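Chemist: What TrEMBL records for 1-71, 73-149 is domain 'WWE'. Summarising the annotation, TrEMBL assigns compositional bias 'Low complexity' to 162-189, 226-238. Sequence annotations record features per position, and here TrEMBL assigns region 'Disordered' to 162-248. If you look up TrEMBL, you'll see 203-212 marked as compositional bias 'Acidic residues'. Sequence annotations record features per position, and here TrEMBL assigns compositional bias 'Basic residues' to 216-225. Per TrEMBL, domain 'WGR' is recorded for 270-345.
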């Protein structure tokens, strides 16, 4: 069987590798038919990985939060290690969703042996999987669902894992789903957001780890602007430091909403927030925890650049902080960009 590579979700469409030590422990646990595996992290956190649910949960945490976990099977094309690809088992849940690790291991093992079918357990239900026709059937209800063995290019499972190699460990999990902030009134022609279930922003620990680096970056950014080296137009949300040291930001609104002033990887002056009629693809989610003073935000924007280029911009973290961000390019595929936006919103 191909080499299993364990990964955890670290943002929209971003997957990080577990450390080699943790991957060894996870493989040993799954080989012993265990349902879970406990891992200790260098920052004194302890997480538990559930093989049947495909999630990792922080043990002893106050939020009881979790992150998704997946396992891909690294294959080699020819003799060159630079031409690696990986197999990822998914079920058609509208959209396609990753199989939990316990089922994925059984499917990959059966595939490598050339078996025609195999029995797996997912979420407490038993399924018979036809590996020729690529569908799974619920043994109790007879309901049938398509599956697939998706082959990932090297960039799809390696490009987002460099950070994990430097840390050597998985980050603690994100908190549970936040509550959505509403304004109480909606002006004519204002934002009209598609309804969907929000995804949780990262935990305090994720944001806190980067606070010092963010402060340095903001200080350097203000210094460059003060020296006149930035040269950005007002439409790109330039910031100036006034006499009392506070930050004043000038934002030019083009279309139904302003492009996030913290946008990186694109020029804010060259894109606009996508809108269709009265629907503006711009959302801000908030989570408030008064007891622990954990106030967090999650910003989503679908960006459009003429003639047909689309990106989805995510930014999340503590309220009042820059937080972390992710820019997902979608090329000319507007449907993919909408699906990604609505899935996270």
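Using N, Cα and C of the backbone, Cβ positions are placed for all residues, glycine too.
Annotations in TrEMBL come from automatic prediction, not curation.
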Chemist: I'd like the per-state residue tally for the domain 'WWE' (1-71) from DSSP, helix first, then strand, then coil.
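Modeler: Within the domain 'WWE' (1-71) the tally stands at 12 helix, 30 strand, 29 coil.
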Chemist: Mean pLDDT, the domain 'WGR' (270-345)?
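Modeler: In the predicted model, the domain 'WGR' (270-345) has a mean pLDDT of 86.
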Chemist: Within the domain 'WWE' (73-149), how many residues are helix, strand or coil going by DSSP?
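Modeler: Tallying H, G and I as helix, E and B as strand, the rest coil: 16 helix, 38 strand, 23 coil.
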